[in-house]
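Annotated in TrEMBL:
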- D327: active site, proton acceptor (ACT_SITE)
- K25, S26, R30, S177, S178, Q179, S207, D327, K354: 3-phosphoshikimate binding site (BINDING)
- K25, G97, R129, Q179, R358, R400, K454: phosphoenolpyruvate binding site (BINDING)
- G481, P482, T483, A484, S485, G486, K487, G488, T489: ATP binding site (BINDING)
- 16-463: domain 'Enolpyruvate transferase' (DOMAIN)
- 477-683: domain 'Cytidylate kinase' (DOMAIN)
Amino acid sequence: MFKIPFLDLPPLRSAAGTVRLPGSKSISNRVLLLAGLSEGTTAVHDLLDSDDTAVMLASLKTLGCQLKTDHAGVLHLTGIGGRLQTRQAQLFLGNAGTAMRPLTAALALLAATQGGEFELSGVPRMHERPIADLVDALRLLGCQIECLGNEGYPPLKLTGPSPLKLDEPVKVRGDVSSQFLTALLLALPLVATQQDVVIEVVGELISKPYIHITLALLERFGIQVQREGWQRFTIPAGSRYRSPGDLHVEGDASSASYFIALGAIAASDEPLRIEGVGQASLQGDVRFAEAAQAMGAIVASGPNWLEVRRGAWPLRGIDLDCNHIPDAAMTLALMALYADGPTTLRNIASWRVKETDRLSAMATELRKLGAEVEEGPDWLRVQPLRDWRAASIHTYDDHRMAMCFSLAAFNGLLSDRSPQRVKHHPDPAAIRGELQTKDRAVPVRILDPQCVAKTFPDYFETLFGVVEARSEDIPVITIDGPTASGKGTLADQVAHALGYVILDSGSLYRACALAAHRGEVDLDDGEAVAAVGANLNLSFKNGHVWLDEEDISEDLRREATGLMASQVAAHPAVRAALNQLQLDFRRLPGLVADGRDMGTDVFPDAGLKVFLTASAATRAERRHKQLISKGISANIEGLRQDLEARDARDKNRAASPLHPAADAKMLDNSAQSIEESTQRVLAWWAQTRPFAVQR
Ligand SMILES: O=C(O)C1=C[C@@H](OP(=O)(O)O)[C@@H](O)[C@H](O)C1
Ligand SMILES: C=C(OP(=O)(O)O)C(=O)O
């Protein structure tokens with residue numbers, strides 16, 4: 001997960017490959033609650049691991065459920081069998097509607113029948129998300145519920161015992177959220193032992209497909225609800241939760257929407273394959289695929305997979321009632337930017353009471369990209385966009401805002417005078433326009449990218465696994481400098497702050513030599529060592545070097561490795577292979593490369609080049625401290641003389657002498673803390689970016 005203040009997405013060009021979706025949030029939290037209320041143990045496979053499920057799991061644990069995850073990642077949950085194990089608890093439910101609403105109903109009924117006192121709270125936004133319709137329904141039933149802040153909103157206090165009136169139908173409104181009905185359906189079997197319990201929906205029910213998920217999962221837990229249209233639901237007398245034993249959670253269909261859109265926008269050669277949902281899915285949001293098809297996507301599907309590629313291009317604008325796909329519909333608003341005419345999304349009033357006011361947030365942020373947007377009380381109209389602006393997108397702690405706006409990074413595919421338009425106007429001026437499109441693609445900045453943790457913590461990593469950018473569009477920062485100047489630490493810090501990949505070029509020759517030696521390759525055979533070098537699977541994380549899955553940092557520092565490194569570095573074939581390997585580190589979302597010739601030779605087009613120096617005395621002192629901390633005695637004066645001699649050799653050697661690139665920024669960190677140098681480099685970097693100052 002990118003735990004950084006912002007993530008810059010460079011212009012992206014294409015998508016291909018396979019995405020394995022994380023588990024469905026809606027299914028995961030329902031299954032957890034049902035298993036928690038059941039007797040016996042349920043083995044839950046492929047459970048979603050995210051903020052929303054974490055709060056549900058923590059609550060169930062507090063309530064006395066036993067949770068164990070085995071080595072294969074399967075959760076074994078032993079439920080309370082409908083008998084309270086603890087009568088007092090304070091539960092924090094973050095911003096998870098699928099935890100707050102159903103737990104309110106379940107604990108209100110358990111407190112009423114068995115006695116207890118439970119407080120349910122969440123993040124500030126959860127305290128602005130209405131729950132009045134559910135509280136009203138439960139109060140009419142006889143539950144004691146106090147709203148501790150504003151009436152009709154969490155936090156809530158549920159107390160009991162108190163007598164329940166189960167003879168009358170339980171009436172609930174369904175026009176603000178379907179989760180209130182879901183909550184009652186999931187919880188009322190607790191008290192439907194002696195008699196049928198009837199629920200009547202008052203007024204129009206929204207987000208209906210979510211009720212299907214609820215009913216299907218209740219059935220898996222042995223409860224057959226009788227349904228009359230969307231108005232009346234009967235939980236038969238004698239209902240009792242029975243664990244199905246094993247249960248598999250399918251992939252999240254709302255999360256699939258970003259990749260379906262990605263396929264429609266950017267999979268122009270091969271389809272993008274999405275695994276985890278398909279025709280057999282329980283989730284209504286799979287029908288997002290139909291909306292994407294209406295916009296031009298070509299979709300093939302099997303029971304639990306989808307393959308999506310670009311059909312019509314530009315996409316086609318649509319006018320759609322989105323009430324059945326409230327979450328995935330947000331993705332259509334981004335697809336609309338790539339369309340040939342306006343797109344109107346209707347019947348989406350519920351957007352206003354979700355993680356943020358999504359209608360307003362969507363309109364505001366789309367306008368930052370330059371889009372023309374109209375917003376009504378329950379609709380949104382988005383015009384196609386051709387003249388895109390680089391924008392810093394606020395995400396309002398809403399995972400879907402962050403995921404949706406990542407799709408704006410494909411703007412280079414359809415900016416003004418894009419190649420597609422040139423096809424229709426094949427005159428020389430238009431073709432010159434095509435050549436200019438490269439400069440028209442703009443990056444997108446996603447603020448607070450870690451908000452995706454609500455349902456899809458690895459969203460951006462997954463995205464980067466299936467998209468491509470042109471190499472020259474991937475930003476590079478180079479940090480070159482003499483030995484012991486602290487460039488490795490600085491590169492680490494800068495890369496960490498930006499979420500960028502790190503290349504510690506100095507260790508490549510050592511790693512190559514080590515891998516060749518381990519593979520029993522003759523170190524005098526340049527071609528053979530080069531072949532090893534070309535296939536090295538190296539990565540750099542937190543100052544450590546990894547070869548495949550192994551941390552080889554210690555081995556690289558050994559004297560023997562150093563000697564082997566200078567042996568292999570003499571082969572021109574090895575140098576060529578390692579040069580290519582270094583270029584291959586230019587990966588999404590960007591690269592920080594440290595070394596001696598990164599800015600001068602390897603990445604001459606880097607967006608920022610830093611040449612880091614420190615006085616020989618300072619570097620000698622740092623090296624001295626390092627050695628002492630490892631228990632190696634050393635003499636500062638001797639170290640300083642060594643460093644000065646090495647500097648002189650480096651500067652004056654014939655082959656790539658160490659010197660700053662003509663356009664490098666000089667940074668002398670002798671009197672700076674690492675934090676200060678990091679901030680200096682980040683400030684220089686910010687000046688190169690097209691985004692307005694962050695607010
Ligand atoms: O029951 C569910 O799992 C959900 C129902 C929907 O909410 P509303 O019924 O409030 O639209 C949806 O937006 C939410 O993400 C999950
Ligand atoms: C509305 C959403 O979440 P919640 O389950 O918290 O209602 C959502 O995930 O888009």
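Note that Cβ sites are derived from N, Cα and C of the backbone, with glycine treated the same way.
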Cα-Cα separation of S485 (ATP binding site) and S178 (3-phosphoshikimate binding site), in Å?
60
Between the two most separated Cα atoms in K25, S26, R30, S177, S178, Q179, S207, D327, K354, the residues recorded as binding 3-phosphoshikimate, what distance in Å do you get?
18
Return one of helix, strand or coil for Q179 (phosphoenolpyruvate binding site), based on DSSP.
helix
Any idea which of the binding-site residues S178, S207, S485 has the thinnest Cβ neighbourhood at 10 Å?
S207
Can you work out the mean pLDDT of the predicted model over the domain 'Cytidylate kinase' (477-683)?
91
Taking the center of the Cβ atoms of G481, P482, T483, A484, S485, G486, K487, G488, T489 at the recorded ATP site, which other residues in this chain have a Cβ no more than 8 Å from that point?
L490, D594, L612, A614, R619
In the structure shown, which of the binding-site residues K354, K454 has the fewest other Cβ atoms within 10 Å?
K354
Cα-Cα, whole number of Å: G97 (phosphoenolpyruvate binding site) versus K354 (3-phosphoshikimate binding site)?
8
What Cα-Cα separation, expressed in whole Å, is found between K454 (phosphoenolpyruvate binding site) and S178 (3-phosphoshikimate binding site)?
20
Cβ-Cβ neighbours of K487 (ATP binding site) (radius 10 Å):
29
R30 (3-phosphoshikimate binding site) to Q179 (phosphoenolpyruvate binding site) - Cα separation in whole Å:
11
Of the recorded positions D327, G481, T489, which one has its Cα closest to the Cα of K354 (3-phosphoshikimate binding site)?
D327
Select one residue from R129, R358: among these binding-site residues, choose the one with the most other Cβ atoms within 10 Å of its Cβ.
R358
Cβ neighbours of G97 (phosphoenolpyruvate binding site) where a neighbour is any other Cβ within 10 Å:
25
